[in-house]
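Per TrEMBL, the feature domain 'FMN hydroxy acid dehydrogenase' maps to 20-389. Annotation comment: TrEMBL describes Tyr46, Tyr154, Arg189, His285, Arg288 as glyoxylate binding site. Taken from TrEMBL, the feature FMN binding site applies to 99-101, Ser130, Gln152, Thr180, Lys261, Ser283, 315-319, 338-339. Residues or ranges marked as active site, proton acceptor by TrEMBL: His285.
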Amino acid sequence: MTAQFGDYQNEIYEGGLRGVVPPFPMSYEELEARARAALPASLVSYVAAGAGNEHTQRANVDAFTKWGIIPRMLVGAVRRDLSVELCGLRLPSPLMMAPIGVIGLCAQDGHGDLAVARAAARTGVPMIASTLTVDPMEEVAARFDGVPGFFQLYPPDDRKLAESLVRRAEAAGFRGIVVTLDTWLTGWRPRDLSTSNFPQLRGHCLANYTSDPVFRSRLDRTPEEDPAAAVAHWAKTFGNPLTWDDLPWLRSITRLPLLLKGICHPDDVRRARDAGIDGMYCSNHGGRQANGGLPALDMLPAVVDAADGLPVIFDSGVRSGADIVKAVALGATAVAVGRPYVYGLAIGGTEGVVHVLRALLAEADLLMAIDGYPALADLTRKALRPTPATAAAPR
Ligand SMILES: Cc1cc2nc3c(=O)[nH]c(=O)nc-3n(C[C@H](O)[C@H](O)[C@H](O)COP(=O)(O)O)c2cc1C
Ligand SMILES: O=C(O)C(=O)c1ccccc1
């Protein structure tokens, strides 16, 4: 019999029989609390912060309580199949790791990107590696051990640099490019502003730039000789408010699958589809960029309908296995987790990330068994019903 994700539960119970207490938290609340204690204050506020009064960030999480999964009995879902096809790749489950720009710094040894890449190799959960990393993308990709990875591009306004980053991602073996559209400037984040050290943090995450031949060619002195000038040049080239007019260029620079992150309106989906984009990534950046918006989950069904068969990755607010199941039932092809795995990294490095991913998958798998949905294909909108508004879970 092949392994099932729910087997993680048995491992933990069997450990208990031998007197082993699990070293990692089992609930999201405890995970977050332990990570807060483990991380330096500047990183706590940076990772946890959202835009404005963080209403959208909370709404992302609460949106999942507006849906309930309907149990079906006598199905005999003894074996479950969570595998999914995404951009020509067969993945063991719909779970992915969302791109996180500072994870490099969230590990105790300061090499979080490598630790996360190792967790991808251990679990088969693909990493979407951010442009903003402590270690260059080649070093990250070298640790995937055959598990497909995606490269998230913040397209700089220097097109030659953008092309160079994409070429390198191709050469390093990444299997798709995720272009993030909603962060060409940083949102108003009160919690983060009150520590005001975001510029310092990101200054440590420029390895993909300082190792890049095009970026280096733009500098009078090397980043090693004059790090401050390199950071200043980066700040000038980072933000690129792409428009539809740039899409033909973007499409032309790679033959890898190209996905757009931050797409939430069906009209934008259709236009992107017409421009030859291979997949949509429905996300509001975890509520970090613009407050006052709808929860990302509420926008997912319309995005899926407009995508008309193109794959849709979803993130923003995923905190549990049940959330993964609900997002899939609403039409997501793949579901990315963000903050939870950052917290796993903070408390336990690669092991902590592996635990968070396995716990999410175990919960999703056991839920599919108990509720009688043996395969992802069984999870359609018919598996869900809106919960009465008054029944929203307390937070
Ligand atoms: C600390 C932090 C850094 C992030 N950096 C990036 C990034 O570099 N690129 C990107 O596309 N998204 C970035 N995101 C957004 C995530 O990819 C994802 O959309 C978000 O975390 C989802 O929200 P959730 O973590 O609350 O579920 C970042 C999010 C956090 C929390
Ligand atoms: O903080 C973020 O959400 C993010 O995407 C980002 C943007 C620039 C640098 C580092 C991270």
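Every residue, even glycine, has its Cβ placed from backbone N, Cα and C.
Please treat TrEMBL annotations as automatic predictions, because they have not gone through curation.
Predicted, not measured: the structure shown is a model, and the values here were computed from it.
If you measure from the Cα atom of Asp315 (FMN binding site) to that of Arg189 (glyoxylate binding site), you get 19 Å.
If you draw a 10 Å sphere around the CB of Gly101 (FMN binding site), it holds 19 other CB atoms from the protein chains shown. The CA atom of Arg339 (FMN binding site) is located 19 Å away from the CA atom of Tyr154 (glyoxylate binding site). Sequence-distant contacts (6 or more apart, same chain, Cβ under 8 Å) of Arg319 (FMN binding site) comprise Tyr28, Val61, Phe64, Pro340.
In the predicted model, the domain 'FMN hydroxy acid dehydrogenase' (20-389) has a mean pLDDT of 97. Arg189 (glyoxylate binding site) sits 22 Å from Gln152 (FMN binding site), taking the CA atoms of both as reference points.
When the C-alpha distances from Gln152 (FMN binding site) to the binding-site residues Tyr46, His285, Arg288 are tabulated, the minimum falls on His285.
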